[in-house]
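*Asks:* Feature table excerpt (TrEMBL):
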- 91-340: domain 'G-protein coupled receptors family 1 profile' (DOMAIN)
- 1-23: region 'Disordered' (REGION)
- 76-98: transmembrane segment (TRANSMEM)
- 110-137: transmembrane segment (TRANSMEM)
- 149-170: transmembrane segment (TRANSMEM)
- 190-208: transmembrane segment (TRANSMEM)
- 247-271: transmembrane segment (TRANSMEM)
- 292-311: transmembrane segment (TRANSMEM)
- 323-342: transmembrane segment (TRANSMEM)
Amino acid sequence: MKIESSKNATYEEDVKEEEKQSDEYRTLKQITKSSTSFEPFPEETIALEALFTICNDSHSDFILLGFSDKPYLERMLFSVILISYCLTVTGNVVIILVSLKDPKLHSPMYYFLSNLSLLDLCFTSSCVPQMLVNFWGPEKTISYTGCAIQLYIFLWLGTTECVLLVVMAVDRCVAVCHPLQYTTLMHPKLCLQLAVLAWGTGLIQSLIQSPATLRLPFCSHQRVDDIVCEVPALIQVSSADTTDIEIQILIAGIILLVVPLIIILSSYVAIAKAVLRIKSTAGKKKAFGTCTSHLLVVSLFYGTVTAVYLQPKSRYAHEQGNFLTLFYTVVTPTLNPLIYTLRNKEVKGALIRLIGKDSDTG
């Protein structure tokens, strides 16, 4: 208890010191902004230059505040997230193995599903372990290098999922609307190209957005109002004008969130029309069942990500943003395997066959 109290006291002292530095910076920034028609006083110029030097040259640790003002909530979230992470790893590994091992699942739909499982596995592993460490103890820090790596991976995989969900929607549209030409149209080479397109688009977006964010000046011991290192929270911490990067985020959000969402919804409108023309009740039920699971995944992911990345900076609410981030980093990857396996007879059948085969071998 004494050790924890001393750590909390040290943390509070760091917070107070950082607030003092932030107040000093804001004062200097206001002086500089108001001095548009004349040169600032020499001592003000020297102080401002010194502060920018500290901000740009110091790669100090970030403090991820998260839910630090609610310790009871952190302990509860630690248990929930740990269980969710175990389920995520288990569920997605099972889907990948079943898709690879069972010949009946060697189709475009399950090829893309295994890509989504691999994506969710990497996505959660890039942030959840650090999240658990921060929720467990009084230390909420992450190194500058760790934050940078997390930002690169987070943006890469998050953007990849946006594109991959579009690919999966188009795949379902072709399967339902053109069933006779499906195998010819969605041949293995095209599936590989679409998967590479999804992963490649995510990587390019990360290589553009991450360096632009990390080039912003951050003063030492900066407090980030988030549970992970992501762009909206980091630009809040920056001591510079972030208008340009906010415009970049808006443009990227339109291209990678709004446009894909329009394509997905258009695909499902076409699917709904095609399903209504099917005379067989069993055929309708199967088509609706498969597409409903995909729509549920899309709604969970796009709904939360759009709320975080497309809202204005001035409206970025600390607690609301944390819960939304928690949802698409922990909850959605946990639900994806459950949605696809519990609602899919083919996956359940393949899993039973795989278990039975292993039992016979043993």
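We number each residue from 1, going along the chain as drawn.
Note: Cβ is positioned from N, Cα and C throughout, glycine not excepted.
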*Asks:* Give the mean pLDDT for the domain 'G-protein coupled receptors family 1 profile' (91-340) on the 0 to 100 scale.
*Replies:* 85
*Asks:* Are the transmembrane segment (76-98) and the transmembrane segment (190-208) close enough that 3 or more Cβ pairs fall under 8 Å, when only pairs 6 or more apart in sequence count?
*Replies:* no
*Asks:* Could you tell me whether the transmembrane segment (247-271) and the transmembrane segment (76-98) are in contact, taking contact to mean 3+ Cβ pairs under 8 Å with a sequence separation of 6 or more?
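*Replies:* No, the transmembrane segment (76-98) and the transmembrane segment (247-271) are not in contact.
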*Asks:* Could you pull out which residues elsewhere in the chain have a CB under 8 Å from any CB of the transmembrane segment (247-271), counting only those six or more residues past its ends?
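*Replies:* Long-range Cβ neighbours of the transmembrane segment (247-271): 159, 162-163, 165-166, 169-170, 172-173, 176-177, 201, 205, 208-209, 212, 231-232, 235, 287, 291, 295, 298, 302, 305-306, 309-310.
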*Asks:* Report yes or no: does the transmembrane segment (292-311) come within contact of the transmembrane segment (110-137), defined as 3 or more CB pairs under 8 Å with a sequence separation of 6 or more?
*Replies:* no
